[in-house]
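Features of the protein shown, as given by TrEMBL:
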type: DOMAIN; residues: 10-150; note: domain 'EamA'
type: DOMAIN; residues: 192-330; note: domain 'EamA'
type: TRANSMEM; residues: 39-58; note: transmembrane segment
type: TRANSMEM; residues: 102-122; note: transmembrane segment
type: TRANSMEM; residues: 134-153; note: transmembrane segment
type: TRANSMEM; residues: 190-210; note: transmembrane segment
type: TRANSMEM; residues: 222-243; note: transmembrane segment
type: TRANSMEM; residues: 255-275; note: transmembrane segment
type: TRANSMEM; residues: 287-308; note: transmembrane segment
type: TRANSMEM; residues: 314-332; note: transmembrane segment
Amino acid sequence: MGRWEDYKPVMAMIGLQFTYAAVALSSRSVLLQGMSPRVFVVYRQAIATLVLAPIAYFSQRNKPGTTLGIRSFSLIFTASLIGVTMNQNIYFEGLYLTSSSIASAMGNLLPAITFLLAALIGLEKVDIRSLSTLAKIVGTVICVSGAFCIAFMKGPKLLNTEFTPQQQDQNSIIFHYFNSSMTVGSPNNWMLGCFLLLGSCVCWSFWLILQVPMSASYPNHLCLSAWMCFFATLQSAVVTYFLEPNPNSWRLHSSFELICALYSGVIGSAFSFFVQAWCISLRGPLFSAMFNPLCTVIVTILACLFLHEELYTGSLAGAIAVVAGLYIVLWGKAKDFKKMQTTTYSSNNDDDSKKVVKIVIPESFDEEIVCKIDLQQPLLQSEHD
């Protein structure tokens, strides 16, 4: 039974990677069919809000509530703006201009970018003499180098013929603004999409950094997620209102678009939150991040088979470099975590050694009874006994 309990988080994370792969593939499929990326983000967050809000309400109904003050409101609103609204709008633009496999590979940059931003802000200690810090720096350099290799060094084609979206000029707002210097299927589209995906990772890293003060200010994680989805829905709707002048863009033209929006909102956002939070609570964030490259492998294989996406040698080499850099960064973080645990354990032992044990004898204790007990049961037994 113990072995089964140990395997549960592993099986959950493997299943979650298949879920993420299905979200990436289905999202790209509906975008290629003509659905606006910005409208898709609004529908996804609205569906996630409708799922999470009732669960958060009924689970906390009989418990003392947490007040949403000005500080909490500001942090949640900012995190929703950067980590959800900006992040997902940029991500889906990049996904639309590149491919599912590249979008999944660029997502492995997240730990390296988070380390870089945290070091610049001062939340991460950088000690050049430490082996773990050197590992994180080297891993970050390898990850970024792999990302640039994906963007600039496509190389010879390995699989499938070139496959470019036919309605790219209509649906991509970024493509529309750069339309004077770009043509459909040009290499500039690929590079622009890669930079958008890189920007998405930066936004997500800021969101992770904001989790520290936000969780301290509003510790109810379920309600916190519901509030973020709600704010992200409003923010994304405002952005889409100004960037999508055509009202027909909000219409769902097929049942497949509706199914993909429901799947992305319910499974990709709401369900994945529970599974991810459960696994992190049992094994920690490093355990969760170790499975991310599996999603890249799944997406690459399925995208080549079902979406006929092209695969290039340069992109493949860059993706391998990103994954290698990811594991180097995670190794450095694991060393830091182990050192922190050792320091905490030794400090606790020092505190325990300084504790004074006090024995309190109540004044009401009957001395006569104590004397009788001592006489009846001597401390030293007789040799003949």
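Just so you know, the numbers here start at 1 and follow the chain as drawn.
Every residue, even glycine, has its Cβ placed from backbone N, Cα and C.
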Please work out whether the transmembrane segment (255-275) lies in contact with the transmembrane segment (39-58), by counting C-beta pairs under 8 angstroms that are 6 or more apart in sequence and asking whether there are at least 3.
yes
Which sequence positions outside the transmembrane segment (102-122), separated from its termini by at least 6 residues, show Cβ-Cβ distances below 8 Å to it?
20-21, 24, 28, 91, 94-95, 136, 139-140, 143-144, 147, 150, 193-194, 197-198, 200-202, 204-206, 208-209, 289, 292-293, 295-296, 299-300, 315, 318-319, 322-323, 325-326, 329-330, 333
May I ask for the residues of the chain that lie six or more residues beyond the transmembrane segment (314-332) and have a Cβ under 8 Å from a Cβ within it?
101-102, 105-106, 108-109, 111-112, 115, 131-136, 138-155, 158, 286, 289-290, 292-293, 296, 300
Over the domain 'EamA' (192-330), what is the model's average pLDDT?
84
Same-chain residues near the transmembrane segment (222-243), Cβ under 8 Å, at least 6 residues beyond its ends:
36, 38-39, 41-42, 45-46, 48-49, 52-53, 55-56, 59-60, 66, 68, 76-77, 79-81, 83-85, 88-89, 173, 214-215, 249, 269, 273
With DSSP as the yardstick, break the domain 'EamA' (192-330) down into helix, strand and coil residue counts.
121 helix, 2 strand, 16 coil
